[in-house]
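As recorded in Swiss-Prot:
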BINDING   13, 14, 15, 16, 17, 18, 19, 20, 39, 129  ATP binding site
ACT_SITE  104  active site, nucleophile
DISULFID  104-201  disulfide bond
SITE      130  site 'Interaction with tRNA'
ACT_SITE  201  active site, cysteine persulfide intermediate
SITE      349  site 'Interaction with tRNA'
């Protein structure tokens with residue numbers, strides 16, 4: 001009697017975008033049993049003006065109908081609120097600029113949602129439309145940059161461990177974005193023209209401040225130069241980030257005959273003061289390193305690679321060579337020094353370390369080390 005091999009079942013996290021939609025099609029083409037899962041992390045009843053989940057869900061339904069695959073839905077809005085959004089607010093109140101998408105990947109998407117797929121939907125693997133690669137050795141699974149370096153999203157995935165990576169598939173690992181859109185058009189997916197999502201996973205960047213004001217009260221404070229010259233008033237330090245230019249409302253202010261734009265360089269959260277400097281290349285905007293406390297390793301201890309390692313402190317930023325130094329056993333601080341000073345090192349953001357295209361792990365920036373004191 002011929003033994004029939006059962007198809008591997010893969011649950012694809014469907015966002016309503018072109019990437020996750022084509023990911024599902026690619027897996028179908030490879031012969032897997034594919035089912036879609038729409039994950040809702042935000043209740044639009046709380047904020048109709050900001051959340052697009054209704055539109056996204058309708059797009060997912062259309063795609064699943066076209067592909068003829070089952071669609072599951074799950075609401076993780078309570079888990080998201082407790083584990084991601086409250087942390088997001090807490091960090092803003094500390095004067096930091098957090099990245100909730102990274103925390104969402106760690107706690108919601110590749111933890112709670114992954115476990116739900118494996119346990120309750122009986123899947124063998126969990127797939128998403130991220131641009132990243134997973135490579136396997138005899139002992140471990142490793143995270144690498146995607147073939148499309150412009151779209152690479154490994155920066156947002158550095159918190160994942162080898163055990164988690166063993167259950168994940170990234171179908172777009174070796175594809176360029178242009179190719180994905182061409183495929184979507186060719187197979188007549190309704191989302192082939194849909195714009196890529198930007199900003200936080202539940203809100204568009206243009207509406208960010210008005211959204212944040214619902215949860216953090218405005219507190220009028222001073223905008224000062226580094227020499228303590230008064231330039232104007234701001235709405236509260238929580239609404240500004242290091243390197244910010246827009247929204248300061250001091251564009252017409254000129255110091256001497258210098259008409260360069262102003263940038264946020266420092267925040268005093270106790271006195272509610274925003275400090276600004278003029279000019280994109282102002283040395284006050286530069287840092288030669290940062291302090292962090294805990295580094296997450298995907299597999300290998302980063303200190304083994306400290307002379308070869310590069311660090312990326314923002315999404316799509318050019319990585320820079322760095323070195324590591326343990327400077328205090330008491331508070332466990334680690335100092336990371338760049339080969340050359342760089343702009344806008346922002347507390348609360350993630351610093352992700354690479355060995356060539358291999359993602360080693362990362363950490364949260366606790367404090368920048370300014371080029372000028």
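From the backbone N, Cα and C atoms, a Cβ is placed for every residue, glycine too.
Swiss-Prot feature annotations superimposed on the structure.
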residue: 13; record: ATP binding site; Cβ contacts under 8 Å, 6 or more apart: 20, 37, 39, 109, 113, 126, 127, 128, 129
residue: 15; record: ATP binding site; Cβ contacts under 8 Å, 6 or more apart: 38, 56, 60, 129, 197
residue: 17; record: ATP binding site; Cβ contacts under 8 Å, 6 or more apart: 56, 59, 129, 191, 194, 196, 197
residue: 19; record: ATP binding site; Cβ contacts under 8 Å, 6 or more apart: 129, 130, 131, 172, 180, 196
residue: 349; record: site 'Interaction with tRNA'; Cβ contacts under 8 Å, 6 or more apart: 97, 98, 99, 313, 314, 364, 365
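Residues 13, 14, 15, 16, 17, 18, 19, 20, 39, 129 are recorded as binding ATP; their most distant pair of Cα atoms lies 16 Å apart. Of all the Cβ atoms in the protein chains shown, 25 others lie within 10 Å of the Cβ of residue 130 (site 'Interaction with tRNA'). Here the recorded positions are 39, 104; the one with the fewest Cβ atoms within 10 Å of its Cβ is 39.
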